[in-house]
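Taken straight from Swiss-Prot:
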| type | residues | note |
| --- | --- | --- |
| CARBOHYD | Asn62 | N-linked glycosylation site |
| CARBOHYD | Asn85 | N-linked glycosylation site |
| CARBOHYD | Asn195 | N-linked glycosylation site |
| CARBOHYD | Asn266 | N-linked glycosylation site |
| CARBOHYD | Asn362 | N-linked glycosylation site |
| CARBOHYD | Asn565 | N-linked glycosylation site |
| CARBOHYD | Asn702 | N-linked glycosylation site |
| CARBOHYD | Asn768 | N-linked glycosylation site |
| CARBOHYD | Asn792 | N-linked glycosylation site |
| CARBOHYD | Asn1020 | N-linked glycosylation site |
| CARBOHYD | Asn1213 | N-linked glycosylation site |
| CARBOHYD | Asn1262 | N-linked glycosylation site |
| SIGNAL | 1-21 | signal peptide |
| TOPO_DOM | 22-1329 | topological domain 'Extracellular' |
| TOPO_DOM | 1351-1393 | topological domain 'Cytoplasmic' |
| TRANSMEM | 1330-1350 | transmembrane segment |
Amino acid sequence: MLVQFQQLLLLLISIIKLCQADDNDNSFFQPVSQPSLNYKDTGNRIGLLGSFDALSFYSFVNSSQIVNDPDTSVSIFQKKRDVSNSSSSSTSFSNSLYLQDITNNYSLKFADINGQVNQLFKISNDSVVLNGNFTSFNNQSVISPIIFTISSREVTKIFSDDINGSVKTIFLDNDLIYLGGNFKFNNTYSAAVYNITAKKVHSTPFQGFGPNSSINSIAKVLNGDKEKEDNEEELGSILFGGQFDTLGLSDLLVHNITSNNTKKHNTSNTSIISAEQLISLRHGTFTSVNGESSEEDAAAIVCPSDNKEWAAQKNSGAEWKVELPDEMKGIHPTKARIYIPEGPNGIKLFRIYSYPNNGIMNLTYIDPATNELAYCDAWCPLLNYDDLNDHVDNNILNATELNENNSVFVDEQDGSYFQYYDPSTKTKNLGYASNFQEFAFVDNVGVDTVGVTIIDWYGDQGILAGFELYQNAITVYGNDSLNDPNCQSDASDDTNNNAVINSGSFKSVQSINPAITNTDYLVTSDTNAKITLYPNISYSGNYSIIMMTPGCAYDGSCARRAIVNVTVVGDDNDVLSTKTIYQNNENNKFDYLFYGHLNGSKTSTSSNRIEISYMGTVTEGVQDPYMVVDKVIANIVSLDNYYDKNSTNHTRNNTGYELAPIKLNGLFEYSLANFSQFDEQLVHYKRNNKTYISLNNTFVGNSSINLLSGELSNQSRIDQISLGPKQQDGNKQSLLLLGKFESDSKNITLSNNNLITLTIDSYNNTLNETNIELPSRLTKRDTQTILGGNFNNSITRLIELPGCFLAIGDFALSGKDGSSSIKDLSNNNQSVSSANNFALYSDDQWYSFGNDYTSNDFNQFTNLTLDSVEYYVFSGNGQFRTWDNDNFKWVTDPTKQLNLTQAAQINDHQQILGGTGFSTMQFQSVDQAYIADGNFSKFGIDVIANKSFMISNSYYVNSSLSVIGGKFETKDVKNVGLISNSDPNNTISALQGSIVWGDNTLIQSLYVDSSDEYLFMGVNGSVQINEQTNVTGIVIYDLVNNTFTSFQPAELSHSNGDPISVNSMVLFDKGNKLLVGGDFDLAGSLSCPSLCVYDITNTRWINPQNDATTTQSIGGVVTDMKFFQSNQVLITGNGLQLNGNSGIKFLIYNFNSNSFSVKDSLNKIDQTVEKFILNDENNKNLDGRMIAFGEKSISGFDGSNWQRIDSDIIYENFTKFNDMKLLTLDKPSDYNQTYFDKSQIFTIAGVFRLKDYGLVNMALFNGTSWIPYVFTSLQQQKSTGSGSGSGSGSRSSSLQIGQIQSILIDDSYRFQSSDDLKKTNKNLSRGKVVGISLACALGSTTLLGLLYIIPYFALFKNRKDGYFQPERIHEDEMMDAVNPEDLLHEIDLQREK
């Protein structure tokens, strides 16, 4: 029992841990294990020098995603944080999204965006919706807004197609996202709703707003009814603010109200419902007799709107005829509409023939002269254009009287006349207008061909301006081309009949069996076949639907015929009937599908439809079934309504109703409860742009908010709707409208034209509308009086905060009547007279943030918490300013500026941040830092920021002293300085003496001799010493006397004037000779390409290529050198040559023989080599282990062969390696020992990308795999206008990765001296330690001189004025002939001295 209890307890603990893990999901932050290092062997620390603002250990996978790639367009010594040559105030920066773990302060960048994020809202613990002016998200083309799922990193697009504009604002309401802006969607404007669960976007029920409208803000007022069910609590109203004056469904704004006044003249537009359907003649065959026009013109007149005409030959009768397509033959038309041309010519008498019965049709029509029904057959009259329009004009004058007949409808605007001529069903009507007359067919005759014969004409020829046929049945063909409208321009109309093949392949029966004539239909043999037919049922009423099935005898398919399932679906997707139909009928047949009521549908998204799908075959075992689809016919039995009516402002129809409009100007209240059972048919009945307003049209209320909207001018614009917290009584709530306002009403006046402050009294749950107190006072002045404060400019944005709100923008706020009534948050709430750009309003008091005015329109705000500190971030036009709201002060350190526009906390442990740059780097320091015991610290070097500086080189001298160099400045030091290793935090010391550096001079290499007496500096430009000596190439500094030596080497240069470089120096201790390598070819006047030896003892340059018994020549650029024997140096570089032989990667120089050679095994490396490290102390034969890096490679040498070890490095155009070292592990490891011992690990520094990890500046290699170690950051800043005062935000920045140029350690493997191989005691002599320590600590040359006065004579008695005692010249040297070049060189030296 106890065991079972223990097992159960362990299970519960596991479940609890699992739940906690889910709650604090750190799956995004996978830790990276770092090896433990022994810092004692590296001088107790690892120095990192370069170009950066901050550093972090690479603690988790993708740690460095918060930094961007470096800007390769900027020079390595032109810092990205110093790109300040732009004065633009609209500089655009890319934005990013960051996931931050609040608990561990980890940050992960998971998205790059090519624009600004303006809104960011949490949808769930795993998803957010973001909106802004971006079109690309992680290089994926998108339309804003989008939904981003964090765990899967998937983007859900709300809009998949172009919306011809942009979404300016979004509002999240549970499962719905309201979208507002200036866009077009689904033929509606400026508003839409996205359902998060269904993943579908829809038009709003009110069909958005009018063309050229714009929605800038959306908010919600809850109904506040505590007694309603929980699911009803979220109703209330949605408020839309922007610039608009109508709704997309504008009839919602017209109320049909009862009126006692029945004598006012009715100016309504009336329209009879035309339920009859236009028969498509588009694919008919057109012929004519005695036609003057072409057959093309004969076909074109079936689309009268194209303004084409068909003319008979002059002074001659003629015939125009159309033969229907085979599948349409036998149709029963109900009327023809004949269009009359303008001008003197036209048809006076005509007759209509029908085929195949070849008979003259009996016709009935409305005689325009009497407006009575008339009949004709062989001699039917048409009026000419002028006479017809006289009658139409007369109708306009007598419209009121004519419309008293309920079966007659006269349009009061254009005088068109219609009446029903089937009083029982009222499904057919007849009429005329200014350019046509209609003629109904008395007999119900099936026709294959219809012809119009011209008997008499007006003028000198008969002309047809158009011809249309109608029927009172709705026929949908399976062959969708037969559903095409007569006019191509109507092809996209939602009211067209159409057929959609859902699955399967359908063909014309005539294409399968050409012998079949006089009929055509679709055939398929696919067993998954399905087709849907959409009849144009535009009006609600009773319909009878039948389906026609062709007989199998026509095509001989009886044995193969199929069984089909036919389903009738209503416009609300309800299944109305289902039929199983056997298709093996020999002759044509029809089946009843449905009889009953159908709702009229106006769009393809809510249409009645008939679905036909394959079920099986009548005969079992048939392998090639034969499913046929011909047509479906919906016959109109009766309609619910028979007329439409539309009216303008305050007019009356004949039944005593008045149409009262609701006026909108930039503000609209959308009641969710009112629209919960919305049906557009309860708004109006619409046909041919003529509208009748329903008495039930009460969806949009004339609420006090809509009333306020109507009383604003039509130039008003609302930029923001802001709702304050509810007041103590629980009902009243503040409503702030920000924008540009004027009032057109005498009933409402405004105290300013920027902000309207309202109070929501309550929400009326009966009328489903918001009750507000309307403003009623006018004060117009240049300044804006808002809540007791005077603003000299408009507020751009309001931000709701708990118990208060913020106003931000390009303004200055002063106290009422200039008083000091404003409190300064940055100065213990002391009274001040003004606030600039940002102001907080709380408890009837305005507060300032203590900043000076900045000429910038701040329009973005976000607040977030970092390291338990709340920050406010204000931004606009690329400028950011960060306020520490816990300590009430501005953040002035640029490295701590939060360039964020949005923040959203998604759970207790994580938040999403959006902006141009964000950093939670672990350690802030400019260009220098060191690691000791696994933590960052920094040297006593205060490099001046915002300059193009970089520390590029370093040299560890001994336990007391290190030297750094580059191109940098501190308060007292320039380009080179001395660091105390015993106290690294102590202030850096400068070199003593007068020194003037050239503008572009850079310390490229450093070396201190084995006796720690001389500091050799390799420089690429001029240096003036002690106001008289100009040096380029090598500068020598006396560390003992703390002064520049009085002897300095002749300058290094290029004979063609090109810049030089001094990349490496090594010292041959025995001969006291310094070997210098780089890119140059002259030392003074001495030819000395690539390599030159400086004889320290004799203070002269020697060309090593001419110093041997046999002259040798070398070429290329030397980049690195190291001793491998006490008298031999291994040299590498770019494009090295020896005696004209190219392709050499490594050279060997022997100081004893003054000769050059190569070792074949080393030169088998395929890549270029810039630097290398010898990883074995005993490597006399160069068969030890090595590692080398080049521009695009890192390779290891096992003593015999080279092998690439950089498979995990991704090479890009910015990839750069700068330095490498061997570090010591805290404990021996089981690492691969191919390239170094198991107690060591290799590190390389620069800037590069590691596979699976991302950007790094420093990585470790354990012999098998790479481990990211350190990455840095650097703010890229650009000027964006002037700013002053505390917290000045005149610069916008983006976080990029920095550079590590040099690793400073006590390096046992640098081998820059032949004595380095001896592993001698490197400690300074007692006198030197005391002297240098005091010099570094105190910087006092006077004290240094006093301390050295005694040991100087004892220890350095052979030195005078910095010179070594010259060695005796041997007799054999005196016997050699003097080289003229050397003689000239000696003359140069004496001249310089």
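Every residue gets a Cβ built from N, Cα and C, even glycine.
Projection of Swiss-Prot feature records onto the structure.
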residue	record	Cβ within 10 Å
Asn62	N-linked glycosylation site	22
Asn195	N-linked glycosylation site	12
Asn362	N-linked glycosylation site	17
Asn565	N-linked glycosylation site	15
Asn702	N-linked glycosylation site	18
Asn792	N-linked glycosylation site	14
Asn1020	N-linked glycosylation site	23
Asn1213	N-linked glycosylation site	8
Asn1262	N-linked glycosylation site	18
On the 0 to 100 pLDDT scale, where does the topological domain 'Extracellular' (22-1329) sit on average? 86
Whole-Å Cα distance, Asn1213 (N-linked glycosylation site) to Asn62 (N-linked glycosylation site), is 20
If I take the Cα of Asn792 (N-linked glycosylation site) as reference, which of the glycosylation sites Asn195, Asn362, Asn702, Asn1020, Asn1262 has the closest Cα? Asn702
Here's one to test understanding: among the glycosylation sites Asn62, Asn362, Asn565, Asn702, Asn1020, whose C-alpha is closest in space to the C-alpha of Asn195 (N-linked glycosylation site)? Asn702
At the level of the C-alpha atoms, what whole-angstrom distance separates Asn362 (N-linked glycosylation site) and Asn565 (N-linked glycosylation site)? 41
What DSSP gives for Asn62 (N-linked glycosylation site), in three states, is coil
Tell me which of the glycosylation sites Asn565, Asn702, Asn1020, Asn1262 ends up closest to Asn62 (N-linked glycosylation site) in space, Cα to Cα. Asn1262
Just give me the nearest neighbour of Asn702 (N-linked glycosylation site) among the glycosylation sites Asn565, Asn1020, Asn1262, Cα to Cα. Asn565
Round to a whole number and give the Cα-to-Cα distance in Å for the pair Asn565 (N-linked glycosylation site) and Asn1020 (N-linked glycosylation site). 89
